[in-house]
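Here's the structure, in structure tokens; my notes come after.
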Amino acid sequence: MFHYEQMHIVIFLITVFRTPMLLENCKMTWWMNALYINNFADVFDICYPPSWFLSVDTQLFWAAPIFLIAIFYSCEQNFLRDLRRTGFGAVIGGIVFSVITTFFLTAYYDLPAVGFTMHASGILDFMTHFYIKPWIRCIPYLIGILCGYFIVQVRNQNIKLRQPKMWELVVCWLFATVIALTVIFSVYNYIRGTSDWSVVVRSLYGSFARIGWSLEFAWVILACTFDWAGPVKAILEHPLWYPLGRLSYCTFLAHWFIMYSVLNGSDGPVHFVSLWHTYLTLTVPVVFLSYVWAYMWSCLVEIPFAKIE
């Protein structure tokens, strides 16, 4: 992880010293970045905006051994017999805690269902109290732990899987697709501002959307692992994604700096013209330049420090 931290520091310093507002924030909250707890600061006080995700990911990484050790010792003798014991109880308990916390925070602060909508009220509270907190983000991580442990048990032949029938695979893929599309498109009218959801509906969506999205991805992972994915596996395992995947961390760190530079590079204010105009003048340039920047800094910083390790 040492070379990842070096990459973080380099891009962090370049961006901060080019942005006076961020420099002032860092004078106050630099120590929170150093301890990976800057996601507990106010959203306006964060040093480098994307760094909140690194803190959440690190905090969940620190917490993961607690669940893994509990699962290991509760299932050491017999996986199926001890299915309901401590380890899985801890994971399910974490998921339930996250669902209850999500529902409560959304209702208490009257938060929007998602962070980017035509409903302007509550978005900053959504980011500060909800979006960047580990107890909100933990559901995909916990489901991923269960998914990973299940794969290990199958490979160690502690669980015997039969080859599913074609109709069973079709049903599972259709079910996963419906879940994914529901999570994405059920908020379409709400984001546009043509539908105003009650606080109960917003709380329910926030509580269960991440579960649905995580289960859909868990199915894709399991299907690709056990050769149930057909052409989907061929696409996802194509060599084209290898270099892009290796650059994804640097690209994530660089994208905000690139986006900030592109938006502030014009001689006038930014106006929305159309979706395609935004896509061609902002999205494509930012993605392309982010990968170019990531490749350059990966060669200069990440790879040399990885060799040192």
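Even glycines carry a Cβ here, placed using N, Cα and C.
Curation plays no part in TrEMBL annotations; they are all automatic predictions.
Over in TrEMBL, the protein carries these features:
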{"type": "TRANSMEM", "residues": "7-23", "note": "transmembrane segment"}
{"type": "TRANSMEM", "residues": "59-75", "note": "transmembrane segment"}
{"type": "TRANSMEM", "residues": "87-109", "note": "transmembrane segment"}
{"type": "TRANSMEM", "residues": "134-154", "note": "transmembrane segment"}
{"type": "TRANSMEM", "residues": "166-191", "note": "transmembrane segment"}
{"type": "TRANSMEM", "residues": "211-229", "note": "transmembrane segment"}
{"type": "TRANSMEM", "residues": "241-263", "note": "transmembrane segment"}
{"type": "TRANSMEM", "residues": "275-297", "note": "transmembrane segment"}
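Sequence-distant neighbours of the transmembrane segment (211-229) (same chain, 6+ residues past either end, Cβ-Cβ under 8 Å): 95, 99, 139-140, 143-144, 146-147, 150-151, 154, 161, 164, 169, 172-173, 176-177, 179-180, 182-183, 236-237. In this chain, the transmembrane segment (134-154) touches the transmembrane segment (59-75); three or more CB pairs sit within less than 8 A of each other, excluding pairs fewer than 6 residues apart. Packing against the transmembrane segment (87-109) from elsewhere in the chain are residues 66-67, 70-75, 122, 125-126, 129-130, 135-136, 138-139, 142-143, 145-146, 199-200, 202-204, 206-208, 210-211: each is 6 or more residues past its ends and has a CB under 8 Å from a CB in it.
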